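The Fe cation binding site annotation in Swiss-Prot covers His179, Glu260 and is backed by sequence analysis.
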Amino acid sequence: MGSPNSLFEVESFLKNMFNDPLILGIKNTFARKMLASFITHSRVEETKKNYQAIGGKSPLTAHTLNLTNKLNELDCKRFYTYAMRYTPPFAYQVLEDIKTQGIQSVVLFSLYPQFSYSTIASSLIDAKAALQKLAFTPTLYEISSYHTHPDYISCIIERIKESLGADNPNEFVLLLSAHSLPQSRIDEGDPYQKQCEENKEVIQKALESEGIVFKKIALAYQSKVGRMKWIGPSTKETITKYKKHKMIIFPLSFTLDNSETEYELKILYASLAKELNVPQYRVCSCFNDNERFAKSIMNILEEHLRGKAEV
């Protein structure tokens, strides 16, 4: 979806995000722009402070670039690049470059493992609109969900084991923290929450198959905005609930570190854990340009192309 590459991009990032009809769910363009402007104005300074706390920008773009570089190193058969939804590089710019190169087959691969209309569908619509504007008609494939794929799950298990080290898992609560969504989106049929729950079950089985049994594996949701009801329980509530236990946090809905992992999990909720005297609070890093994750993308891609027709 993108993140600000500097404090100067924070305002435009927020405007672009809240003006997306799949984010606010308002079809009337004028009304949506007015509300997006109001929300942006009310949040921009606080958001800038959050980014200042992690160095003045999101690490997302750098991690994404490093991942695509890793993929290009590992797979000489294809050209890997990336586009963002709300900050540069936008889909139009990237697809224009791909068209110029004479590439005739394009795979749209989401770096969100679980499907949601607010994130993945929005990005796919944006990319297809760009293709139409460019009069570019490549053979098109899309990979929009892989939350239970064994290669992806193995990357998660590796990160959890790294965080656990030689310690006894039975002394820890494993908290899988996913980005939240408004409850109304789930009620309308968005499969995101169901896929997060499926993701949790597969992770638990994979850990148990290796003899790794945590005191508790909990699923919670972070990053709520506004007053409407969002899916829960919240990450804050769950940390508070298990405050007497050692805790490992895994960022379930992110494959690349960003403000939600670097600020919310590693600063905001780490501070909460300290206030609550949580015995140990550890946050797993996202995969970023980890070679195992890059190879899992390649494997998922290969399997998809062997078994699926074009869009």
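For all residues, glycine too, the Cβ spot is worked out from N, Cα and C.
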Count of other CB atoms lying within 10 Å of the CB belonging to His179 (Fe cation binding site):
25
Do any residues at least six apart in sequence from Glu260 (Fe cation binding site), in the same chain, have a Cβ closer than 8 Å to its Cβ, and if so which, in order?
His179, Gln222, Ser223, Pro251, Phe254
